[in-house]
Amino acid sequence: MSALTIYSDKDASQPQWHSTDAAEIAQQLNAKGVRFERWVADRDLGQAPAPETVITAYQHAIDKLVAEKGYQSWDVISLRADNPQKEALRAKFLNEHTHGEDEVRFFVEGAGLFCLHIGDQVYQVLCEKNDLISVPAGTPHWFDMGSEPNFTAIRIFDNPEGWVAQFTGDAIADAYPRLL
């Protein structure tokens with residue numbers, strides 16, 4: 001179930017707000033310029049689908065985003081618990097970073113935790129299958145795939161080079177709850 005938990009960026013011990021209601025989540029995030037919507041991820045992708053299979057199955061969703069914002073490229077990230085690089089990938093994404101473009105993800109399987117450092121608050125957004133999130137360019141954030149990752153998401157980019165991060169060097173992510 002999708003969820004949003006908001007913390008002070010000075011105190012990770014006590015949430016200020018929490019909801020699993022998609023409309024409430026969208027309202028809170030939209031007020032900060034973050035797009036959050038529930039889309040439909042209902043295609044049967046089979047076991048361990050190839051990226052091309054995922055792209056073909058959801059080309060209509062990609063086309064919608066391209067028409068809206070003029071995005072130039074897309075790919076698929078899919079990680080499972082048996083991936084030998086899961087620990088290194090998790091560590092990389094857990095470092096707070098920004099992008100020079102929006103970070104757009106459409107979750108078609110599984111779940112992951114986006115953590116957004118906006119002003120003096122941290123917004124932890126548990127995204128799951130059917131969730132579309134677009135984090136505005138320049139927003140400090142990190143992503144937690146969990147110790148046993150299980151997700152497939154379509155990534156949409158302005159930059160034809162794909163995922164390019166600028167790490168902030170802030171260790172804030174270490175203080176906040178992680179996805180198990």
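Even glycines carry a Cβ here, placed using N, Cα and C.
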> Hey, Swiss-Prot has Ni(2+) bound by HIS97, HIS99, GLU103. Any idea which of HIS60, HIS141 it lists too?
Replying inline: HIS141
> Taking only the recorded sites GLU96, ASP102, ARG105, which one has a CA atom nearest to the CA atom of HIS141 (Fe(2+) binding site)?
Replying inline: GLU96
> Excluding HIS97, HIS99, GLU103, HIS141 themselves, which residues in that chain have a Cβ inside 8 Å of the centre of the Cβ atoms defining the Ni(2+) site?
Replying inline: THR98, VAL135, THR139, PRO140, TRP142, PHE143, ALA165
> Reduced to three states, what secondary structure does DSSP give ASP102 (site 'May play a role in transmitting local conformational changes')?
Replying inline: coil
> Can you tell me how far the Cα of ARG105 (site 'Important to generate the dianion') sits from the Cα of HIS99 (Fe(2+) binding site), in Å?
Replying inline: 14
